[in-house]
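For reference, TrEMBL has these:
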- 1-76: region 'Disordered' (REGION)
- 48-61: compositional bias 'Basic and acidic residues' (COMPBIAS)
- 90-111: transmembrane segment (TRANSMEM)
- 92-525: domain 'Major facilitator superfamily (MFS) profile' (DOMAIN)
- 131-150: transmembrane segment (TRANSMEM)
- 157-178: transmembrane segment (TRANSMEM)
- 184-206: transmembrane segment (TRANSMEM)
- 218-240: transmembrane segment (TRANSMEM)
- 252-276: transmembrane segment (TRANSMEM)
- 314-342: transmembrane segment (TRANSMEM)
- 362-382: transmembrane segment (TRANSMEM)
- 402-423: transmembrane segment (TRANSMEM)
- 429-450: transmembrane segment (TRANSMEM)
- 462-485: transmembrane segment (TRANSMEM)
- 497-520: transmembrane segment (TRANSMEM)
Amino acid sequence: MSQPTPVINVTEGENVHEIPPPAGIPCQQSDQDKTDQEIAASSQSNFEGDRMERDPEKSSESDYSTSNIVTWDGPDDPSNPKNWSFKRRWLATGLVSLITFMTPIASSMIAPAEFAINRDLDVHSTFDSELIFSIFLLAFVVGPLFLAPLSEVYGRVIVLQLANVWFLIFNLVCGFAQNVSQMLAFRFLAGLGACAPQTVGGGVLSDLWTSEERGKAVALYTLAPVLGPSVGPLMGAWIAERTTWRWSFWSVTMFGVAVQVLIYFTLAETFAPRILQRKAQKLRKETGNEQLRTEFESNDDTILSVMRRVLTRVFLFLGTQPIVQFLALYMALIYGVIYLILSTYPTVWTNVYHESTGIGGLNYLSLMIGLTIGAQVAGRLIDTVYNKLKQRAPNGEGRPEFRVPILFGSTILTAGGIFMYGWSAEAHTHWIVPNIGAAIFGAGANMTFTTLQTYTIDTYQLYAASAIGATAVARSATGFAFPLFANYMYDALGDGWGNSVLGFATLGIGYSGSIVLWFFGERLRGASQYAINK
């Protein structure tokens, strides 16, 4: 008489994981066993609370039993970052925004010290001088290509922490550079680490916030990388006037060490697949069931296959995703204009308005004020507009395209600010007028950034880091290139027409792209295996 072989269940919370008996031994299940498995299946949830979608880059054929899937312990599992307390989620958002604010300071802090650096490092070429400023952002073109995908394998926090340590080391060394070659090499290497927060941070927000509440968080996060480059020259101007330019690097490093200690002890992992992988590893060790996996793992996955797949993802997004291509183009234009204006600010205020380096640096406050106002306005509008349009929708469901209406207003502000800044500087009007123009530009630019970032996160939720990494490659390329031709453009066209070219480009790209997203965004998402389709 055969004895029924018991089924061993691994239970953690509400989730039940079955360990199958050895091959060839029949398994008889009681009604209670079946009920347990039904409970386990019903507890699986999506990041947004619905379900977890399998990685589209992997085969739809499951190579392991669904009873061995490790997922959340129900929709209210406290280990799911979207179920963290409101304060804890805002703490994580604030920490990521803080590190995203810190690293761009280093990109522009040396702008007011340009003449002193050229003197001490024996720089005679205008191109070399601009390259010292811009090469930091050239690294932002390279870094996201591997940092964004790596964060989707090893998690957000470890990538942020290691990249920040890398940045701090080479930013410190920049202060000891003795010639232009050393400075260029150290600046580039520092930039490779500094790009991580802007590359990975959007993914963190996707992990933490639902579409209905994401706007304010993205507004704070988006403010950081554009406010940092404005704060940098303000601090750098006073450092350059009172001590050596080398303290521009050393002071940022000191600030960065404090931030690094803070995130090391307080920032927890937010990437759900990584959290679940750790849970699966723990259960495999405790139960001996080597078949336990998350929905994002495969039994035949190897480190090499995973790395090959994820490291090509940014290129894939840039080459095959029309939505990413527009977002990258528009972000690249706005980001390039910001750095172009930042690189020429000292010339405008010291040469045209004959202000000292320290006083001239105060004009960066106007850009900072505009950026901050833009973040506040966008943070409130973006969720309000989204939720109202969602209520009016026939099925009551939200769509990423509900973010687009804000772009129509922010594009006008951005272009209008560029026109006002350029023509008032050309006419040598009262100093307050170009400052007002810069503030209007800053407000519009940050509203645009916030909207585009939120749209990206809404559209590519699981792959938000890679999608944002793809846009970061493009915008960093213009942030690097625009300052290199800024002086040549203004010499040929003047401040008025030079900035008008940028303003007209903003209107053309901004409005054409926004119209396409509004009318055809849903169709474009439907054609993508990476974008959400609802």
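Along the chain as shown, the residues are counted starting at 1.
Glycine is treated like the rest: Cβ placed from N, Cα and C.
TrEMBL does not curate its annotations; it predicts them automatically.
Bear in mind that the values here come from a model prediction, so they are computed numbers and not experimental data.
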Distal contacts, the transmembrane segment (429-450) - CB-CB under 8 A, six or more residues away | 215, 218-219, 222-223, 226, 230, 330-331, 334, 337-338, 341, 348-349, 353, 355, 363, 366-375, 377-379, 381-382, 406-407, 409-422, 510
Does the transmembrane segment (157-178) reach the transmembrane segment (362-382), going by 3 or more CB pairs under 8 Å (6 or more apart in sequence)?
-> no
Residues of the parent chain within Cβ reach of the transmembrane segment (184-206), under 8 Å, 6 or more residues beyond its termini | 47, 92-93, 96-97, 99-100, 102-104, 106-107, 131-132, 135-140, 142-144, 147-148, 151-152, 156, 159-160, 163-171, 173-174, 177, 214, 217-218, 221, 224-225, 270-271, 453, 456-457, 461-462, 464-465, 467-469, 472, 476
Mean per-residue pLDDT computed across the domain 'Major facilitator superfamily (MFS) profile' (92-525) = 88
Intrachain residues whose Cβ lies under 8 Å of the transmembrane segment (362-382), provided they are six or more past its termini = 215-216, 218-220, 222-223, 226-227, 230-231, 233-234, 237, 341-342, 345, 349, 355, 403, 406, 410, 413, 417, 431, 435-436, 438-447, 450-451, 454
